[in-house]
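Below: the structure, in structure tokens.
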Ligand code: GUN
């Protein structure tokens, strides 16, 4: 059997189109334009690319984008003062502080200074607690994107065995909470898990989020399972020429595609969903801030 390849690029484009449609209606009916502020401290090149893409896509769906680029040596006090200003600004519905921050800044302190209602990353401790207790929260973008793809592929997830490999605060833990919220039987596996292969083979839904290139081979995949590969790993690709690299996931795609029922590729799977869900979260935050009906199908 060869798996269906889940096209994350097309899926993300569909989400952006729905967000854009809702934004147009919001502007026409209420005169409100959702606004997303992105804060970048320092000059990490990968972060700069992310921030540029976020800004471009924010404008493309009709929202306002506010970019704040601060020097690497910015003090914690100055960064917190900016966040206070953004918290108080009614034109800003979502705030994202790009991670990682320079080492002299306490990321937990900074993230927890964001108004939870504007925390479109879903990283604030209040949102973590709300998600963990099954209450309405801002949900981290990457796991939200994975959930959307799973619901689209499988419909009702109730009773399915889900295995999440990886226990990060950004992906693994919130992913597990979301799957639990959709009535899956959830296992969180990690580097110390015994018999990881056996655990993975039980999964109807296998989510890989460990950051180790190709660590999950096809013979760890249950036949027909839905495999969501969150890993984005850059590895040398001498076949493309000297010094060239390519992106691979945490799943060995070539072998897993022969066993799974459906699988996300890398690149072009989960990756494009993250910014699409960020835009969806910004729209949701805007609707909540104004007491308006939330867009359907764009939240957990
Ligand atoms: N750095 C890499 N991915 C992300 C993300 O989703 N949110 C933030 N804030 N920083 C990141």
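Cβ from N, Cα, C; glycine included.
For reference, TrEMBL has these:
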type	residues	note
BINDING	166, 167, 168, 232	NADP(+) binding site
DOMAIN	6-121	domain 'Tetrahydrofolate dehydrogenase/cyclohydrolase catalytic'
DOMAIN	140-288	domain 'Tetrahydrofolate dehydrogenase/cyclohydrolase NAD(P)-binding'
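Binding of NADP(+) is attributed in the record to 166, 167, 168, 232, and the widest Cα separation among these residues amounts to 16 Å.
Across the domain 'Tetrahydrofolate dehydrogenase/cyclohydrolase catalytic' (6-121), the model assigns an average pLDDT of 98. Per-class residue totals from DSSP over the domain 'Tetrahydrofolate dehydrogenase/cyclohydrolase catalytic' (6-121), listed helix then strand then coil: 60 helix, 19 strand, 37 coil.
DSSP places the residues of the domain 'Tetrahydrofolate dehydrogenase/cyclohydrolase NAD(P)-binding' (140-288) in helix, strand and coil in these numbers: 58 helix, 30 strand, 61 coil. Sequence-distant contacts of residue 166 (NADP(+) binding site), defined by Cβ-Cβ distance under 8 angstroms and a gap of at least six in the same chain, are 172, 189, 190, 207, 208, 209, 210, 211, 230, 250.
Contacts of residue 232 (NADP(+) binding site) defined by a Cβ separation under 8 A and a same-chain sequence distance of 6+ are given as 247, 249, 266, 267, 271, in order along the sequence. The C-beta environment of residue 168 (NADP(+) binding site), restricted to residues of the same chain at least 6 apart in sequence and closer than 8 Å, consists of 209.
Its Cβ taken as reference, residue 167 (NADP(+) binding site) is surrounded by 18 other Cβ atoms within 10 Å in the chains shown.
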